[in-house]
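Peer 1: Relevant sequence annotations retrieved from TrEMBL are reproduced here:
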- Cys119, His161, His165: Fe cation binding site (BINDING)
- Glu162: active site (ACT_SITE)
Amino acid sequence: MSLESQVDQLLAGPRPLPIVQAGHPVLRHRAEPYDFSLPADVFDHLIGAMRETMLTAPGVGLAAPQIGLGIQVAVLEDAAPVSSEVARVRDRTPLPFRVLVNPSYRPETDDVAAFYEGCLSVPGYQAVVERAATVRLRALDQNGAPIDEIVTGWAARIVAHETDHLAGILYLDKAFTRSLTNNEHYLTRWAGATPQAARVELGF
């Protein structure tokens, strides 16, 4: 089936779009670079549907493989609805909506940060992932214009998480496995600004 037929079929279905769950092969294959072959109005419609699905879930990012499409496209947006302490410690500030096409990233410094994160394709659980605190992002935007910028803090984590999806990588592949917790335990035990308490008690 052609990409356009896949997208047409997807967009003809219910909203929000169904999110593919861990275990589906599309999440484990490297997505194909997107060549802007879709008609502009169809691509815009797809981006709108992805954003709606991400926000409804709710999440701060969604990659095309998470809706069953093996193309290198992701949407990101973070209102940063956290306390001032958490925002400060995690360097989390609002991230306006943006589209990344064919993105790549690389660490820009040796600094790393380890925090809990989750995934819409692995619902109900979170785990600590150590990621670069600052990355260089290269991508195209929704209109094909080049992006080349330095991203820091929580936004860098979102960029890395979503770009990893496009390479067939789930956050659990990089997580401290002993940190894995269901959402209930996370909220009642480990939702502090840092995962230090969990590190001590869970032994990672």
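Please read every residue number as a count from 1 along the shown chain.
For all residues, glycine too, the Cβ spot is worked out from N, Cα and C.
Note: TrEMBL annotation is automatic and uncurated.
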Peer 1: Measure the Cβ-based neighbour count of His161 (Fe cation binding site), defined as the other Cβ atoms within 10 Å of its Cβ.
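Peer 2: Within a 10 Å radius of the Cβ of His161 (Fe cation binding site) lie 24 other Cβ atoms.
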Peer 1: Sorry to bug you, but what's the C-alpha spacing from Cys119 (Fe cation binding site) to the residue listed as 'active site', rounded to the closest Å?
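Peer 2: The residue listed as 'active site' to Cys119 (Fe cation binding site), Cα-Cα distance: 10 Å.
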